[in-house]
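J.: As listed in TrEMBL for this protein:
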DOMAIN    148-281  domain 'SLC41A/MgtE integral membrane'
DOMAIN    359-501  domain 'SLC41A/MgtE integral membrane'
TRANSMEM  111-129  transmembrane segment
TRANSMEM  189-209  transmembrane segment
TRANSMEM  221-250  transmembrane segment
TRANSMEM  262-288  transmembrane segment
TRANSMEM  295-316  transmembrane segment
TRANSMEM  328-346  transmembrane segment
TRANSMEM  416-435  transmembrane segment
TRANSMEM  447-470  transmembrane segment
TRANSMEM  482-506  transmembrane segment
Amino acid sequence: RTRPPMQRSVTMVEGSRPRIARQPRTVSVGEPLEDYWRRRGSRRLSFCPRGSLFEVIQDLQPPVLPTLREAEEANVVAVIGGVPPAPPAKPIALDQEEEVAETPLGMLTQVFVPFILAGLGMVAAGVLLNQVTRWPAFTEIPELIVMVPPLLGLKGNLEMTLACRMSTQANLGNMDSRSAQLTIAGGNLALIQCQAIVAGLVSALLAIIKSLASEGSVHGGHVLTLAASAVLTAELASIVLASVMVLVILVCQRLRVNPDNVATPVAASLGDITTLALLAGLATLLHVTLRDYQWVAVTLLVGVVLLAPVWAFLAHRNIYTREVLSHGWLPILLAIVVSSGGGYILEFASKYEGLAAYQPVINGVGGNLVAVQASRISTYLHLNSERPSLPTGERRCVGPLGVFFGTCPHARTARLLLLLLIPGHLLFVAVIDNVEGSGNAFRGPFVGLYLAAAFTQVCLLLYVARVLVYTLWRRGVDPDNAAIPFLTALGDLLGGCLLAAVFWLLTLL
């Protein structure tokens, strides 16, 4: 009798996170069930067509074909007979299928509620900003007004960058175990504390330089108040907001919701109002209540600054944040400089009544939408290619028509985000007008000009996001760390310019 051909089998050992019993197991690839029942009914265990008696005994249980995720997580330790099958081209193909399977309606549903909540948070921040500009601390220290846009942009950059990094890690499957979650979350929390302290100091420094350039001198007490309030605001807001962002990512992962669609809007909904409230409260406390106790401000400032090396050391020890700590400073510092331009515009345009209430809204909504797009593009590149190579058939630079009307998933996302823009802004304008205005915003040309400015801003940001993320990836830079800071800062600058132009045109009409 001719010996039957040897059946190919693969023996796999579970990895560090076993799904079943921690022992070797043999599975047959493509074995028909009738062969299993025929062998099980046979008493001739001495003849083993698969190479060993142990493997035949293992087949006393019905054969279960390995799933793709099990095959990826297991380690192939032996191949019996024949040439082993070729490994998959990308170990994250399942995630690619899930990304492709996401429907436009599903994405729109996931983005809509966080987007509305984020917009309402920005409306609250705008109303608060319109009120605090009349407080004694802000009227006596005008540099505080200049510091508001870069500081709000800073917090948005840090939280959105954190959300983008952790969303990518979650989509790559690197946060499936509890130990990995703790490691990634702990490293990012330490990193964002260090970044917040440094960026708070830079924000105060830019406001001081502006005062020196315009007036030629600056009051020493004002310098202390600016530095202490900026650093304390950045530190306290980072502790609260970063913890919330980690929780949001974990909840999205548990509910099987794409965190790219949810995390950045949630960060925007809480970031502006929290940061602005802390800045106004701390500046008033240090400048008004504790005016005669400047040693308190000095002590708090020195204590927080001395914590920066500790946070940097903890972030450097973490493998997930070491690269960001070394190379992630330039995008944040450039973003602060660009956002400062929005601060100068806000100070110049503060003579227009009601402008301050709309400034956080137009800036925040634009930054919110472009952050969602940048986060999704970055995740797409991580899933489909390795730096600095681009996915097959894709180019770094495309025209505006390709960004909005192409066949790629990024164009579909851009169209959906623009679909949210107009109704969202109409809702936000109605709320602001009822709270702060006279209820006449919809009776004149203001709404039309405002919507045109917001639409122009977001279109420019979405186009820049597509080109910038692909350019950074092609140059070997992780866009999770570098794209969002620049995009949100550019959104602040464009939003301030376009909003000032709207109010200027209203004075001419």
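In case you wondered, yes, glycine gets a Cβ from its N, Cα and C as well.
So where do these features actually land, and what's packed around them?
T.: Within its own chain, the transmembrane segment (189-209) is flanked in space by residues 143-144, 146-147, 150-151, 154-155, 158-159, 162, 218, 223, 226-227, 229-235, 237-239, 242-243, 246, 304-305, 307-308, 311-312, 314-315, 318, 321, 324-325, 328-329, 332-333, 336-337, 340, 343, which lie at least six positions past its ends and keep a Cβ under 8 Å from the stretch.
Sequence-distant neighbours of the transmembrane segment (221-250) (same chain, 6+ residues past either end, Cβ-Cβ under 8 Å): 137, 141, 143-144, 147, 151, 154-155, 158-159, 162-163, 166-167, 170, 175, 181, 185, 188-189, 192-193, 195-197, 199-201, 203-204, 207-208, 211, 259, 262-263, 266-267, 270-271, 274-275, 278-279, 282-283, 286-287, 291, 294, 297-298, 300-301, 304-305, 307.
Remote same-chain partners of the transmembrane segment (416-435), defined as residues 6 or more beyond its termini with a Cβ less than 8 Å from a stretch Cβ, comprise 104, 107-108, 111-112, 115-116, 119-120, 122-123, 126-127, 357-358, 361-362, 365, 369, 372-373, 404, 441-442, 447, 450-451, 454-455, 458-459, 462.
Beyond the ends of the transmembrane segment (482-506), by six or more residues, the same chain brings 149, 152-153, 156-157, 160-161, 164, 264, 328, 330-332, 334-339, 341-342, 345-346, 348-349, 352, 355, 358-359, 362-363, 366-367, 370-371, 374-375, 378, 444-446, 449-450, 453-454, 456-457, 460-461, 464-465, 468-469, 472 to within a C-beta distance below 8 angstroms of the stretch.
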J.: Let's see if you can do this one: DSSP helix, strand and coil counts over the domain 'SLC41A/MgtE integral membrane' (148-281), in that order.
T.: 121 helix, 0 strand, 13 coil
J.: With the transmembrane segment (262-288) as the reference, which stretch in 111-129, 295-316, 328-346, 447-470 has the largest tally of C-beta pairs below 8 Å?
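T.: It is 111-129 that shares the most Cβ pairs under 8 Å with the transmembrane segment (262-288).
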J.: Using DSSP, what's the helix, strand and coil tally for the domain 'SLC41A/MgtE integral membrane' (359-501)?
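T.: Residue counts in helix, strand and coil order: 111 helix, 0 strand, 32 coil.
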